[in-house]
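A.B. asks: Copying in the features that TrEMBL gives for the protein in this structure:
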DOMAIN    6-224  domain 'Ion transport'
SIGNAL    1-16  signal peptide
TRANSMEM  26-44  transmembrane segment
TRANSMEM  65-84  transmembrane segment
TRANSMEM  126-145  transmembrane segment
TRANSMEM  165-182  transmembrane segment
TRANSMEM  194-219  transmembrane segment
Amino acid sequence: MRTATYFFIFLNLSLAVFEEPAVYPLPFLVTSLVEVLCLLVFFGRLTHFAKVTLRNVFWKDTKNICIMVAILLSLIDLAIYGVLRIYNVRSIRWSRIVRPIFLINFAESRQIRRAFRSIRNTLPEITYVFLLFMFSLLMFSLMALKLFGERNLQTAEGLPYFKNYLEIVFDLYVLVTTANSPDVMMPAFDFSSWYALFFIAFVIVNTYIFMSLFLAVVYNNYKKHLKVMFGGLNCD
């Protein structure tokens, strides 16, 4: 039973690879039938669990309620999406975001729930570091707007360079990962090589300081909650 549950959970999650927009698209009828099959298996597993559990215990368990709500939302979304396709109305499958609920809330996924609970308990403690990082990002974006916004610079594609504040925030956010480095700074660097100092300072502060601090806080707090959860066992 446990192996079958894991198999259908994996099958349900993997449908995202084949549903529009998809890496390997399959007809809607195929993916919908597979999803309905998975939901029937989940409902049957939940019904089986209800048969061997006291009624008041079953209905007080939040996990069971979450699974039932996820099944209901998935069926409603599937029906609405199918009707809209008949009338050639473009829509999206918003119920995809509830599929991980099946992975977390079934009784067999106890270890996953423990890890998820540790992550949830860690989030409030990293909020302050995240807010400091966002404040730094917003301030650097404002400085970039003042430095480059009025100089009529253009990107390699001929688009305005650092004219819109929200676009600057997104570009600098990507720069934290260095994914768009050094392309994002080349228009400013071509105008004056001294402007490279702005991007060097940004990378030092946000990538090397804040990201390292953020990682350290996440790791230490997650390890602390795991130790508490497992009764003080060494989690290294």
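Glycine is treated like the rest: Cβ placed from N, Cα and C.
Annotations in TrEMBL come from automatic prediction, not curation.
Can you tell me where each of these features sits in the structure?
C.D. replies: Listed as Cβ neighbours of the transmembrane segment (26-44) (distance under 8 Å, sequence separation of 6 or more from its ends, same chain) are residues 4-5, 8-9, 11-12, 15, 18-20, 67, 71, 74-75, 78, 82, 85, 102, 106.
Within the chain, the transmembrane segment (65-84) has long-range Cβ neighbours (under 8 A, six or more residues past its boundaries) at 28, 32, 35-36, 39, 42-43, 46, 59, 90-91, 93-95, 98-99, 101-102, 105-106.
Within the chain, the transmembrane segment (194-219) has long-range Cβ neighbours (under 8 A, six or more residues past its boundaries) at 122, 125-126, 129-130, 132-133, 136-137, 140, 143-144, 147-148, 172, 175-178, 181-182, 184-185, 188.
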